[in-house]
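Pulled from TrEMBL:
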type    : residues                                                                              : note
BINDING : Arg42, Phe43, Val44, Asp45, Leu46, Lys47, Lys63, Lys64, Gln86, Gln121, Ser122, Arg176 : FMN binding site
DOMAIN  : 20-140                                                                                : domain 'Pyridoxamine 5'-phosphate oxidase N-terminal'
DOMAIN  : 153-193                                                                               : domain 'Pyridoxine 5'-phosphate oxidase dimerisation C-terminal'
Amino acid sequence: MTNNPFDVFKDLYQLAREKSVFKQKGAICISTIDEDGFPDSRFVDLKEIISEGFVFCTDYASKKGVSIADNSKIGLTVWWEHISTQIRVKGIASKVSEAQSQQYWDTRSRSAQLTTWASKQSQLLDNENSVNQQLEKYRQKFDGQYVPKPPTWGGYLIKPKYFEFLTFREDRMHIRNAFVEENGIWVESYLQP
Ligand SMILES: Cc1cc2nc3c(=O)[nH]c(=O)nc-3n(C[C@H](O)[C@H](O)[C@H](O)COP(=O)(O)O)c2cc1C
């Protein structure tokens with residue numbers, strides 16, 4: 001029976017988290033294509049793995065949000081040195097529902113929520129105090145109250161089309177196991193190191 005790449009990912013992710021010494025255990029690198037056609041990569045926090053794919057949250061008006069609106073093809077990469085594992089995923093990004101985004105928002109700390117209001121992610125910083133001034137403004141505005149979700153903050157679902165798992169070997173004889181989605185079925189193959 002063919003392996004399910006989601007199960008392989010989930011098992012490795014659980015192992016990586018258990019053995020990680022880092023605080024940001026869910027950091028994943030996501031790559032989008034920018035307006036000049038360049039790949040553009042940055043780390044985000046993997047919020048959840050659901051049956052359809054991988055969810056991360058961000059500002060939809062950020063650079064990555066603008067890129068995804070223009071080209072929904074996306075890459076996800078991890079390197080978990082402590083378990084000798086690299087994973088590469090290619091997929092399609094789409095916004096999750098408002099209700100789902102609201103649930104993710106409610107899991108954030110109050111300080112992270114306030115920073116989201118204060119920062120226009122990826123916009124030029126005109127002076128070093130401007131975000132702190134905005135932060136103070138929103139602290140006062142929401143003082144003693146629930147901090148609502150800004151309309152432009154929410155989740156993206158990465159629905160995978162391709163997975164590749166690499167087990168790192170010191171002698172560079174890495175084991176590379178790929179899965180391609182063809183008509184709803186995951187077809188498994190091995191690649192030379
Ligand atoms: C470990 C780590 C986790 C991060 N998590 C997130 C995240 O979940 N969402 C987010 O928008 N940015 C996150 N960031 C910041 C992004 O790397 C990036 O700087 C920001 O999203 C702006 O990217 P953009 O200008 O390409 O849109 C994280 C950075 C690091 C180093």
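Yeah, the Cβs are placed from backbone N, Cα and C, and that goes for glycine too.
There are 16 other Cβ atoms within 10 Å of the Cβ belonging to Gln86 (FMN binding site). Each of the binding-site residues Val44, Leu46 was scored by how many other Cβ atoms lie within 10 Å of its Cβ, and the smallest score goes to Val44. The Cβ of Arg42 (FMN binding site) lies under 8 Å from the Cβ of Cys29, Ile30, Lys64, each of these being in the same chain and 6 or more residues away along the sequence.
Counting other Cβ atoms within 10 Å of each Cβ, the binding-site residues Lys63, Ser122 show the lowest value at Ser122. With a cut-off of under 6 Å between the Cβ and any atom of ligand 1, the binding-site residues Arg42, Leu46, Lys63, Gln86 reduce to Arg42, Lys63.
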